[in-house]
C-alpha cells in the first residue's frame, strides 16, 4: 500500500469531546506513516473541503494533538452546512472529489451526526462511480444521542454528566432557600427532538421525593394543567420543585412551548427559551417565586466535567475509524457496542453507513415514567454507565488548559469554488 | 471557662462553599469541648432561632461534617429574612436571646453577607444591654464579593472560577460554529449591584481579540448604540463575539435592562433575563444569529468546579470565627487579608462588625477598561489569585458525593413565636 493523505472534518454542533475523536484519528494516522502521509483538516468542516481551505495538521506538535483530548469545541472549525441533493447539485460532490484528488487525499474521515453520515455515504458512492479510490469513514458525534446502532453517541455522555451534576447542585441550592424564597427552579436543557439530555437530569435523584421532581420531555405532549398540578404537589410535599425542561418541549399540536407566538411589547417574537416560559406559567398559575437557568452552550462545552467513559469512547471511535480505513473498509462508521450493562463494558464495532444515515433514534417510551414526569429504572440503568468516571483537564492559573493549534493553511491548487 | 452551647446559622443566598465554613465552625467547636458543648444549627437560618427550630449538630458524624466541605447549598437551610428595625421590633431580637438562654447558647455564629453582619451586630448589642453573655461572630459569605475590609468574600472565588471557565469553554464552542452559524453568544451572570462576577468572565481571555469581547457591567450605563457597534466590530474582526452580561446591567437612568417594561402577548411583564434581552437587540440591530445562556443557580452551586483558594478561605474563616469567640472577642468578623499579590498569600484577621455592617464595596473604576467593555490588568491581577487551584469533590456513580445530614430536631422549650 502506497502512502496517501487523509482528510478530517468536524460537522454540525460541536461537543465537549469531538476533539478527543480528532485526537484519536490524528494519532492513529501518525502511527501509520507507511499508508498515511499528511492529515489535512477542513477549516470549518466540509466547507473547508469545498473551498479548498485545508489545514496542514502535520504542522501541529504531538503535544498539541494530545491536548485536543481535553479541549472542547471544534479545533478546526465546524459548520452547519448540509450538502444539497446529489442528483440536482452533483457539482458540490464532484468538487469534493476534485479537491481530494488535487491533494492526494484517499482517506475521508467525517466527524458528525446523522446528516454528515449521509454526506459521507454519498461522497463514498460518488467517488466509486467516478473511479476515484476514496475510503470514507464516518466518526460518530452528537450530544443528541440520536444515532442508530451505536450504544450512545460520543458527546452525549459528557452533556449528560454535566446536566445531572448541575441538577444535583442547583437542587441543593433551592432546597436551602425554599423556606422563605424560591420555590421552583427550572433548568432548560438541549434536545429539540429527543429527551435524552432531559432524562439525564433525572440521574441527579433516586427516590420519589428527590429532585428533579418534574422532567418535561419532547416526547410527552405538554399539558399545562397536569404540569402545574404536579408542581403544586411537589412544593406542598417537598417544599420546592426542581424542573428539567427540554428545549423541545411541545404542546399536543406540536407547537414548541418556546415558540408559542408570544411577542414582546414591540411586537417581536418573544426571545425567551422554554425555561422562562415555564417559569412564567408557574408564577401565573401558582404564584410561586421561581428561578430559571438556560445551560445552552455551557452544557455541550463543559469539558471540565466530561464523562471519562465518553472521552474514552470519543477517542476510541476516532482511532477505530483509521483502523477501519486501513483495513480497506469503506462507507462504515465505528459504533459503540454495550457488552455488559453492569459493570459497563463496551467495545467498538463497525456499522455500514447505509444503516446509519438519516435514521434518528428516540427515547423508548418505557424509559419515561408512567406520569410522564420522570425516568424509569430501565432508563437509569441505561444512562448511568455513560456518565461514569471523571477526566478533568489540566488546569493552569485556575483555568482549564486548552490546545492552541497553529492551523497552518495548505496552498491551494485549484480554482475558486463558490458555495 | 465553663461549657456552653453554640448556635450556627446560614443567611441569604447560598454559595458553593458556605458549607465549608459550616464545616470549619463545627470542627473547631468539636475541638474545644472544654468550652463548647453542642452546636445547634438554625433550620432555615435565623428563622430557626426565632421559631426555636434547632438542629442538633452533635447527631451528625464526623464524616458528615467533613463532607460539608464539598457540598454546595446550605446544609441547614438558609433564608431571605431580614430582621426588622430593632427600635420598633425589639421583640424579635429579645426572642433570639430568649431562645439562646433556653438552650444555654452563648456563642452565636452567623454566616452571611452585609445584612446578616448587621443583624449579628444588633443581636450582640442587645444581649449586652439585656445582660446576657453572648459572643456574636459573623462568618463572611457572599458571591457578590461586596463585603468591606476582607480581601474577598468566601463564595465569590468559586463563582468567578465557574464563570471564567464557562466563558472559556463556550467561547471555543462558538468559535467553531461562527463561520456558518452563531455569531454572538451572550452569557448572563449574577451581580445585581456590582460587576465582580461579570469581571471574572474576563479572566477567560487575555489579548484584545480573545473572548469575552464585551462585558456589560452594572457600573457602566448601558448604551445600546455603543454596545452594538462594539459587537459588530468584533464579529467583523474576529468572526464572532462573546458577551458576558451582568444581571444588573442598566440604562443611564438606572432602569435594569431585564426590567425595561417589556410585556408578552398576554400583557405580562417579560420574563426573560438580561441575556435574551441583549440577544434580541443583537438580532434586531445587527441581524446576527445568537445563542444565550443564563447560569443562575448553576454558577453559585457549582461546587464541582470550586476554587481551592475559595474553599480554603471559607473553611478558614469558619475555624477562625470559633477561635475569635474562644478568645473572648465579640461583634467581630474574620476577614481575609492579602499578604502578597503574587504568589498570592493570605491570612485571616479580624474586623469589628461596626465596620462591616451595611457597607457595600464596589468595583473600582480602574478595574474596568476605558471603553467600559473589559477588565484592566489591575483587575486581572486582583481576581486571578481567587480562582487558583481545584478542589474537586469525590464522585460516585459519575456524580459528586454530597453530605446527607440527619438534621435531628432539638426539643422545644419555649412557647410558639409568630414571625
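Our numbering is plain: 1 for the first residue shown, then up by one each step along the chain.
Glycine is no exception: its Cβ is also placed from the backbone N, Cα and C atoms.
As written in TrEMBL, here are the features:
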type	residues	note
ACT_SITE	B:144	active site, proton acceptor
BINDING	B:13	diphosphate binding site
BINDING	B:142, B:143, B:144, B:190, B:191, B:192, B:247, B:297, B:298, B:299, B:300	substrate binding site
DOMAIN	B:9-322	domain 'Phosphofructokinase'
SITE	B:115	site 'Important for catalytic activity and substrate specificity'
SITE	B:141	site 'Important for catalytic activity'
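Recorded features from TrEMBL, shown on the structure.
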residue: B:13; record: diphosphate binding site; Cβ neighbours (10 Å): 24
residue: B:115; record: site 'Important for catalytic activity and substrate specificity'; Cβ neighbours (10 Å): 17
residue: B:141; record: site 'Important for catalytic activity'; Cβ neighbours (10 Å): 32
residue: B:142; record: substrate binding site; Cβ neighbours (10 Å): 28
residue: B:144; record: active site, proton acceptor; Cβ neighbours (10 Å): 26
residue: B:191; record: substrate binding site; Cβ neighbours (10 Å): 26
residue: B:247; record: substrate binding site; Cβ neighbours (10 Å): 22
residue: B:298; record: substrate binding site; Cβ neighbours (10 Å): 25
residue: B:300; record: substrate binding site; Cβ neighbours (10 Å): 29
Proximal residue to residue B:191 (substrate binding site) among recorded positions B:115, B:141, B:144 (C-alpha distance): B:144
Candidates B:13, B:115, B:141 (recorded positions) with Cα within 10 Å of residue B:300 (substrate binding site): B:13
Subset of recorded positions (B:115, B:141, B:142) lying within 10 A of residue B:13 (diphosphate binding site), CA to CA, in sequence order: B:141, B:142
Greatest inter-residue Cα distance in Å for the substrate-binding set B:142, B:143, B:144, B:190, B:191, B:192, B:247, B:297, B:298, B:299, B:300: 16
Recorded positions near chain A, Cβ-Cβ under 8 Å, from B:13, B:141, B:144, B:247, B:298, B:300: B:13, B:298, B:300
Between residue B:141 (site 'Important for catalytic activity') and residue B:115 (site 'Important for catalytic activity and substrate specificity'), the C-alpha gap once rounded to whole angstrom: 11
Cα separation, residue B:247 (substrate binding site) to residue B:144 (active site, proton acceptor) (Å, whole number): 12
